[in-house]
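Database features, via TrEMBL:
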DOMAIN    39-151  domain 'Plastocyanin-like'
DOMAIN    164-315  domain 'Plastocyanin-like'
DOMAIN    422-531  domain 'Plastocyanin-like'
SIGNAL    1-25  signal peptide
């Protein structure tokens, strides 16, 4: 009896002793392991079969799901002839720049037969992001959703949805994209525009030969669905709308926003948008197209086609059989392809929640100000080249008239080991610098919208406008209360955008246009953020398996 009592007491004491650890474990993250096997896979679209580079033979690639606070380990094994890197788009990568992924910026590529483990912890982030290849144009087929759920027990700041659905937009070429961009870079010409846009890898019923290759979203009446929209297209900003339905925008780039209703939204490559779709209270005898097409502002050719998925209500098929009446198909009315006023109006509606729980930590004061022009221009070709531009010129893209030259070794390694800056354009920032950056579109060839993506940071969009930025007048209208926070922003066509961020993440961080053709032409640069004084403000050494050039 007494020994039994002692055992019970001992057990109770152990439980009490371990209670703080149990509480801690509940709130601390777990480690999640993923394997990415890079392999070729035959895929048929638009009545043509071609071999594409995939992860695990899937197109689009597998969904990564984690919670805020989790550590994620993804082993990437390269079984194809192409060099490979993967970028975890929008992940802050706090003191884990070695896992960021852009080729020759934070790492040398993973060569054929080699592997690399991307190792990072998700700190202070929750929402929809995505992953994609970050070398040449391989992200045409190498991409997939990255969903970060809140910590266990933490609710969304909006009604709990009945179901969550990722919707990832892409672009499809009949031709081999690597051959195409390599030829274009050699000749100085523009690469071909895509043959189709896709929703979850499928072109949809508005293309020839694609009725079967259509994404269908079956819904129940009177329910709320969270649609996680991701624009993984290479070169096109997109308008998106669901016929006869209004949606509520609740998040962009994994940051909650003040909810607002809209029929149509605009989403640039590199951006994500979470929307709530409340379905109709009764199943209508109709189907509704969810359609996306290009928002194009520049002088160049673009893919003017429309991708569509089908929203259909459950029980609708039985209703239509009873009445012997085929369901009607509704198409949404999308803005015209160059509706810049709509794009600006939509982006101005985006505001941070700016609550006690989700504050807008916008720097109120600034220690460094920068003004960068972004745009396209012409450069002279060498005499032995026959370039398509006037007087033997070709298109180049630039930030401050500097076209980024890709280094042959990774900038982060060169920086960490104190070597040269690899002969390319970088800007050095002391740790914790409060940066204000104005990005101004130029119109040397023609005004054009540029979705600029910053690695390693979120930034606050404090101002935007058309025409030239006025440093005397425009700052007085900056929003320093609840500006939207994101990782990719569209520099308006013929206009400017002002962003602020705190350089609190040591490493080398890529900033580039997320229109892949502009990145290929040189619209990119890098920020070097120096170590801080404390141990937790310094970049750790590279992992042992970091690929070599």
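Heads up, the Cβ atoms here are built off N, Cα and C, so glycines get one too.
The domain 'Plastocyanin-like' (422-531) scores a mean pLDDT of 92 in the predicted structure.
Sorting the domain 'Plastocyanin-like' (39-151) by DSSP state (H, G, I as helix; E, B as strand; all else coil) yields 6 helix, 57 strand, 50 coil. As a summary of secondary structure, the domain 'Plastocyanin-like' (422-531) carries 9 helix, 56 strand, 45 coil according to DSSP.
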